[in-house]
Amino acid sequence: MFLENVFGLERLEKTRIFLLVLLAFCMPLHQKWSTIVLLALVVVSLVSKKHKATFWSLPFLLPPILYLMIALSLLYSERMEFRYLEQRASLMAFPIIFSASRLTSKDRVKLFEYFVLGCALAVLICFGNAFYNSFSIIDGELIFKPVVNDAFSFMYSVVRDGNYFFSSHFSVFHQTTYFAIYLNTAIAIILAFSLWKKSKIHFILLLLFPLVIFQLSSKISLLICGLIYVVYGLSRIGNKVYKGLFVAIIFSIGTLFLLQNPRSKIMIETLFERGFTIEPSERYGYSLRLMSWDAALYVASKNPFLGVGVGDTQKELNAVYESKGYTQPLKEELNAHNQFLQIALVCGVVGVLIFIWLLWNLIRKSRLSNTPNNRLFNLLFLIMITLSFLFESVLNRFSGISFFFFFYYLIITQEERKTMVNGN
């Protein structure tokens, strides 16, 4: 290739590694930054030598196959808009990028460290923005007022997303769900690669990131955060009594966090009062998710094989919301809030099977990766992302697509340990 002859293979490889590190750092920050870096990576990778054996392996090709199925679904959609393919273009970008790179273990750890650093910077900026918006000078006096609307009490502002230090007002770069997923991944990295033992800053981040997830008011992310700590602790503690004690401590802390979070507290009270019954007039809480699931299951059951196409998915959901009197989901045009259901709506059961195959590749790597640190991280990531997929349509936005497939390819390109005697 021309650029290889001009710059040399070694310099191009260093450029790719630098851009990958920059992408990992920018991902928790502004989406435009990570998009620009991603495009630069694709260009550099296209003019570089590909590892054909890697590129043509099935785990590598599954995301492009899924992208092709989504593209074909536009043919039987009434709304044939290019933006649906543009949003998911990174499904094609990452196989190109990773087929052109050979990452060492040192490179991978560096990528992980810079992702954590990006998360830390994003958190600091969020706090800075919250304090900036909360302070004002009135009649020469400095006033601290974190409540967005003067008519809101502090507690009501937290519950109904009206406080600069909570939920969407706090998360300035990403929707709260995605930011919480990023932070849980950063926690998994710090624990799995023992970064907290090497740096006091990482130890502080282990304490700070759960607090921020609490502020983001993502209940499922709080649960995932607790599970990450439990799985890590169980993997490091040998004594059964200590294991039981550790689980009890984490469970107690997690329960305290849930009960102290106003949104979680209301959800638990409502759950005990109503159970899992659907209230069509409900405007907040888990009832909205139940309505989304109900509508998605109905649409998917009517179109099991091909789905309704990526262009018509929201239109079909809205039609069910309207017919069943689900006023708030219709008003907000809520998606399926479940990644498996979302894919079933877009391209049917075949798409769901391909997606499950993607997750199976991660399961396989959690057992066969060449180092204990990699295997532990893969397991923690798998737990985190699978639970997130059950409660959110993570791959509906660039924030989720770029994140998942970046880590998917990082994991499946790990070296595998040699097969041991007797298949163990």
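In case you wondered, yes, glycine gets a Cβ from its N, Cα and C as well.
Here is what TrEMBL records for this protein:
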- 205-356: domain 'O-antigen ligase-related' (DOMAIN)
- 17-47: transmembrane segment (TRANSMEM)
- 53-76: transmembrane segment (TRANSMEM)
- 111-132: transmembrane segment (TRANSMEM)
- 177-196: transmembrane segment (TRANSMEM)
- 203-229: transmembrane segment (TRANSMEM)
- 241-259: transmembrane segment (TRANSMEM)
- 340-360: transmembrane segment (TRANSMEM)
- 380-411: transmembrane segment (TRANSMEM)
The transmembrane segment (17-47) vs the transmembrane segment (340-360): 3 or more CB pairs under 8 Å: no
Positions whose Cβ lies under 8 angstroms from the transmembrane segment (111-132), at least six residues beyond its ends: 20-22, 24-29, 103, 146, 164-165, 169-173, 179, 182-183, 185-186, 189-190, 193, 195, 201-202, 205, 208-209, 212, 377, 410
Any contact, the transmembrane segment (177-196) to the transmembrane segment (203-229), with at least 3 Cβ pairs under 8 A: yes
Cβ contacts under 8 Å made by the transmembrane segment (53-76) with residues that lie 6+ beyond its boundaries: 84-85, 88-89, 91-92, 94-95, 98-99, 306-307, 309-311, 346-347, 350-351, 354-355, 357-358, 361, 405, 408-409, 412-413
Contact set, same chain, for the transmembrane segment (380-411): CB under 8 Å, 6 or more residues outside the stretch: 23-24, 27, 31, 34-35, 38, 60, 63, 87-88, 90-91, 94-95, 97-98, 103, 108, 111, 174-175, 177-178, 181-182, 184-185, 188, 191-192, 220-221, 223-224, 227-228, 231-232, 289, 335-343, 358-359, 361-363, 365-366, 369, 374
Same-chain residues near the transmembrane segment (241-259), Cβ under 8 Å, at least 6 residues beyond its ends: 210, 214, 219, 222-223, 225-226, 229-230, 233-234, 265, 268
